[in-house]
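Peer 1: Pulled the feature table from TrEMBL, pasting it below:
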type	residues	note
DOMAIN	22-465	domain 'Major facilitator superfamily (MFS) profile'
TRANSMEM	70-91	transmembrane segment
TRANSMEM	103-123	transmembrane segment
TRANSMEM	129-151	transmembrane segment
TRANSMEM	163-181	transmembrane segment
TRANSMEM	193-214	transmembrane segment
TRANSMEM	277-300	transmembrane segment
TRANSMEM	315-337	transmembrane segment
TRANSMEM	344-366	transmembrane segment
TRANSMEM	411-434	transmembrane segment
TRANSMEM	440-461	transmembrane segment
Amino acid sequence: MEQPADPQKRKGRLTLVLALATLVAAFGSSFQYGYNVSAVNSPSQFMQQFYNETHYNRTGEFMKPISLTLLWSLTVSMFPFGGFLGSLLVGPLVNKLGRKGALLFNNIFSIVPAILMGCSKVAKSFELIIISRLLVGICAGVSSNVVPMYLGELAPKHLRGAIGVVPQLFITIGILVAQLLGLRSALATENGWPILLGLTGVPAALELLLLPFFPESPRYLLIQKRDEDAARKALQRLRGWDNVTEDMEEIRQEDQAEKAAGSISVRKLFQLRSLRWQLISIVVLMGGQQLSGVNAIYYYADQIYLSAGVKADDVQYATVGTGAVNVFMTICTVFVVELLGRRLLLLLGFSSCLLACVVLTVALALQDQLSWMPYLSIACIIVYVIGHAIGPSPIPALLVTEIFLQSSRAAAFMVGGTVHWLSNFAVGLIFPFIQEGLGPYSFIIFAVICLLTTIYIFLVIPETKNRTFVEINHTFAKMNKVSNFHDDKAELADLPPAASMQ
């Protein structure tokens, strides 16, 4: 294997194995998460018509409007509910099957529903779509947590931020591809929508074929499987040279530091003082990410475009344009996250969203009085999308990997994922009622959440770029007022035996 003469040169390299592992995992899992977020939006009219016709063929009567609305709401909400269930599976899956194994197993929850959704019209069963939305939600819940964990553990510390943002990039690409395929000139047609929904199985099938050729997480192999030889071989493939002593030593330090803690369950995670601020930070960041109004912005976008004079038939192209801005800004984040750091991007992102929500409230309230206000509303949507893409969307999942060590990382992702999906579900359920009651002033609620999250980040979240997991946890040890980050022996001794078991 190649041995670069200059260690600094070898440090800056992104090897082919690491790059391809990142692309395969992100395309196979994160892409389909984004795709399924957006896939049912464009063909909703044709799908609801199919629901109604199916009911008529069975009973001889069309559905009442309220029944159809309820059934469609169930179809849409099954996805975030499945995401919540998937988050609960993360800990058991990654500890039993490994990070790579969990991703491979997870493809069951994509390929099976893809086939079911593709056949739903032929089978004349809308129930297949509802069940499938639950299953692809479970797939998204697992992948949204496992992919950042897997890639964060594969990457060297100087590339961890850039590689950690790649899953979010593929989520945005998935959303954009679904928007493009969902144009009325493409698959958003009476006969095309089953194909649109079924295509989610393609990335999963490719991941199932290709991911087995890439290494498992060296941290999982060394710390949990106790297979030093396999961990060294995995590191050698990922780094592109034979001498991986420094990386092995870093993992051993993490292992030694954690031997007192063992494998930390979710219950124990809530009980340990040494992990208090890490846990609070993840709850705040994941909650802030979803409750900051990102789904509401997209919900309002069509209405804003129409009021600005965009023709009804052209709104779909404006939506695609917004998706393209999201992808472009996330690509920018991949390249600047190691330069500017995580903390600054979070502060810039949430501050931009705060500003956009405040100005958007004013613009929506005055849009009937002033002719140019709808254009200001469009500008606010673009500013919000840019702000969310550079910080709130990509950084929280990256930080879960960075601020928790191996023993607590799986439990932390379960907590973070649960907060993420429950918040997503709550916004989807409650926002229509908030919008009906408050109208344009509903964005004030999101502005307050953005403000509180920004203040928390400024006061609490440390910078983590170019630091090892052990160094980051030393910083939190001071905040938690423990002598070292796993000064847990006394704490663990006080816990009942059941609490210390996974």
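Cβ atoms here come from the backbone N, Cα and C positions, even for glycine.
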Peer 1: What stretch in 70-91, 163-181, 277-300, 411-434, 440-461 has the biggest tally of Cβ pairs under 8 Å against the transmembrane segment (129-151)?
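Peer 2: Stretch with maximum Cβ contacts: 70-91.
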Peer 1: For the transmembrane segment (440-461) and the transmembrane segment (277-300), check the count of CB pairs under 8 Å (sequence separation 6 or more) and say whether it reaches 3 or more.
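Peer 2: Between the transmembrane segment (440-461) and the transmembrane segment (277-300), contact is present.
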Peer 1: Answer with yes or no whether the transmembrane segment (163-181) touches the transmembrane segment (315-337) by the criterion of at least three Cβ pairs under 8 A, sequence separation 6 or more.
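Peer 2: Judged by the Cβ rule, the two regions touch, with the required three close pairs present.
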